[in-house]
């Protein structure tokens, strides 16, 4: 959207105010006795108060009305959203999903929340350890409604259709080949402009970080300057008919009513923010001599676990790049991984089937722990690595098994 502005950097200490209210950001303290313009000071914490300074996440929001002014939350239907991994029996086979069908708006209006479908996951939000992977399919903007995830962070990957995300921190336009992260507890609303579909990686108990570069050096992969955080924007709007706040809490959905828009933050400062990133800015590292480097060199973001070197989830992409290895079997190596893998196609063709697989035919793959497979390096493909068993709960007619060809040359897929 023309006119949207962003601030550059990853995990920075940002400070911003809506230009319609100059001087709305308090100076010298976080919680003055009287805030400018009579605003309310509210802290949003993304970590424990006593976390080390390097990992301490929090932002101060200065809003027209405080978030606490709402009616009680009540349970609501979860639709296809779940974290009950016992709904189906474990399946060690390689799995493939056809694209989730986007309902026609003339037949059924579906917004971002009602269009969420959990595909697979592991762990649970109650113990604050694990992940869930969802698809979203929608055709209608959220009207007088916002979403808040108390369980973890959402990493959203549009595949079809751009989405305009309004947050308490400002607005972001996110297009296919871009990603955005809405961190735990942040309220947001999604506007769409037609039939829309994409992927969501949800992590419990950790926030996404940039991977360490090690011997790569100071530069490369996803550079911090290319991440964008929205600037402050607010609306002072009363909603007499009721504004709905939907809260995801312990894997269930709850809703409450209030009579004002939650996007009433006039100014804010801190390092706990939503952000977006254009995957075209990823600086790929690749082999220039022989063999294939491990796909971890394509990591964009990682959510670390308490075990050094092991992530709750790694978000990896295979972007366009040169492959110039000498005396090397051209396709990437066959593999059995102690980490489960989930893959989604954003654009390009799937090269592990002889006639190719454009996005219209396939949307996702899952290789469970130690399942045999071959890496598919096409454009632009996303990989998610999970160091545990993954349970696939959305096993419908859109899910098919596929096998790698025993010839070791051209993999064969079966529909």
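Placement of Cβ uses the backbone N, Cα and C atoms for every residue, glycine included.
Taken from TrEMBL, the feature domain 'Homogentisate 1,2-dioxygenase N-terminal' covers 5-279.
This prediction places the mean pLDDT of the domain 'Homogentisate 1,2-dioxygenase C-terminal' (281-359) at 80. As annotated by TrEMBL, domain 'Homogentisate 1,2-dioxygenase C-terminal' applies to 281-359.
Around residue 292 (active site, proton acceptor), taking its Cβ as the centre, 18 other Cβ atoms fall within 10 Å, counting all chains. Annotation source TrEMBL lists active site, proton acceptor at 292.
Taken from TrEMBL, the feature Fe cation binding site covers 335, 341. Neighbour count (other Cβ atoms within 10 Å of the Cβ, all protein chains): 15 for residue 335 (Fe cation binding site).
Annotation comment: TrEMBL describes 350 as homogentisate binding site.
As annotated by TrEMBL, transmembrane segment applies to 374-393.
The DSSP breakdown of the domain 'Homogentisate 1,2-dioxygenase C-terminal' (281-359), given as helix, strand and coil counts, is 5 helix, 26 strand, 48 coil.
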